[in-house]
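**Student:** Structure provided below as structure tokens; questions to follow.
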Amino acid sequence: MELNQPPLPTEIDGDAYHKPSFNDLGLKESVLKSVYEAGFTSPSPIQEKAIPAVLQGRDVIAQAQTGTGKTAAFALPIINNLKNNHTIEALVITPTRELAMQISDEIFKLGKHTRTKTVCVYGGQSVKKQCEFIKKNPQVMIATPGRLLDHLKNERIHKFVPKVVVLDESDEMLDMGFLDDIEEIFDYLPSEAQILLFSATMPEPIKRLADKILENPIKIHIAPSNITNTDITQRFYVINEHERAEAIMRLLDTQAPKKSIVFTRTKKEADELHQFLASKNYKSTALHGDMDQRDRRSSIMAFKKNDADVLVATDVASRGLDISGVSHVFNYHLPLNTESYIHRIGRTGRAGKKGMAITLVTPLEYKELLRMQKEIDSEIELFEIPTINENQIIKTLHDAKVSEGIISLYEQLTEIFEPSQLVLKLLSLQFETSKIGLNQQEIDAIQNPKEKTPKPSNKKTPQHERARSFKKGQHRDRHPKTNHYSKKPKRR
């Protein structure tokens, strides 16, 4: 049955139209029921523009960042148009195993009332087991390029004529060196297949690929201004290099996030920070590319099921990681580029919920942060790392064990100081040694480099120094209560 929708323009700007509801997009009642049960309220810009185009059978090239609702943008119209003819009707190609599994879960959820059957094909899983699943006549296949190509070359997939082919996170597949595999995969696909290409950026190799495999596509572009989620509060803290782990621990204590992701630059750093947090009794788990498939899946499931509430991850998790309820994202280092920053913070502030994105920077990274802030055209506010609050000190004192050596030291000190004076001095020392990050004078020196002010140091600052109000919109953090182509693809 054809949908009687008005013709679509060949290029769509994300700001061009009013925002409709899902009921306006031409989806079946059974699909809409799953949409609303999944917690969606209204379509995101990419969903608003892509869904009608896909329903009409048009090829689509869409540029939109992670976290904008791309999966539902192609999944919903695909589910809507499935015929249940006992063949693989749609193929989704994606760069990583994690993303493949998440897309499969999303399609299963959105296809609940249409009984959509999926199969997930990726490396690291038994080929024999995958072949058994493929023989059960799934309607949608989600696959990583390498394993899919292996199946095709060895003729393990019979009657493989998908009507729709999706290339998701195309620029990531370029970065991972999969473009030659993609071209070879297209040798096995029918030329009449509808092609949907989604990418966060559009480097030249991706544009050249699109020119080869797409026919008269609808072009959709969701500008960066649509991407910076206003539900995400962005802030940064200036620290010294050696204070990163302690700063994360302090912020976890004072922010008390329900569920958080800490992004690190390296796999080794992810392991080390996870081990540090675990040793301090935080429910932490790690995720990075050196972990085997079983451990990676175990970490993701532990985080999803709240067995762990802190996920320490490299950028392997920043693309496509779709876990609900993430209240905070921490950047252990300033990300290497703006793209990475946007992808990372997109893990929070989803489905209309508020989120917090926190970045740790050193004085040397400050100018780069300002440049990044200008690029994303969004304010990242400067805050000061909070000190230990009174409740924490009382708890620390209450839990502290008194040894014979401490008793002996106490007796010596009370001969020098009055007991009340001794307590005050020890509390002052506790507050001074609990300081993390730069003091007011050091922050001023970064903001006003022309002024002759002392360089940042590790010198401890009395608590009353920190009590002075920040300048220029700063806020004091409140404590909570407790590329080339090997050959041209053939379209046949």
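Including glycine, each Cβ sits where the backbone N, Cα and C put it.
Okay, these came from Swiss-Prot:
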type	residues	note
MOTIF	20-48	motif 'Q motif'
DOMAIN	51-220	domain 'Helicase ATP-binding'
BINDING	A64, Q65, T66, G67, T68, G69, K70, T71	ATP binding site
MOTIF	168-171	motif 'DEAD box'
DOMAIN	231-393	domain 'Helicase C-terminal'
REGION	445-492	region 'Disordered'
COMPBIAS	469-492	compositional bias 'Basic residues'
**Student:** What is the number of other Cβ atoms found within 10 Å of the Cβ of A64 (ATP binding site)?
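**Tutor:** For A64 (ATP binding site), the count of other Cβ atoms within 10 Å is 25.
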**Student:** Using all protein chains in view, find how many other C-beta atoms are within 10 Å of the C-beta of K70 (ATP binding site).
**Tutor:** 26
**Student:** Of Q65, T71, the binding-site residues given in the record, which has the fewest other CB atoms within 10 A of its CB?
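**Tutor:** Taking Q65, T71 as the binding-site residues, the minimal 10 Å Cβ count falls on Q65.
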**Student:** Counting each residue once, how many in the motif 'Q motif' (20-48) are helix, strand and coil under DSSP?
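**Tutor:** Going through the motif 'Q motif' (20-48) residue by residue, I get 17 helix, 0 strand, 12 coil.
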**Student:** Taking the Cβ of T68 (ATP binding site) as the centre, count every other Cβ atom within 10 Å, in any protein chain shown.
**Tutor:** 23
**Student:** Let's check the environment of G69 (ATP binding site): how many other CB atoms sit within 10 Å of its CB?
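**Tutor:** Within a 10 Å radius of the Cβ of G69 (ATP binding site) lie 21 other Cβ atoms.
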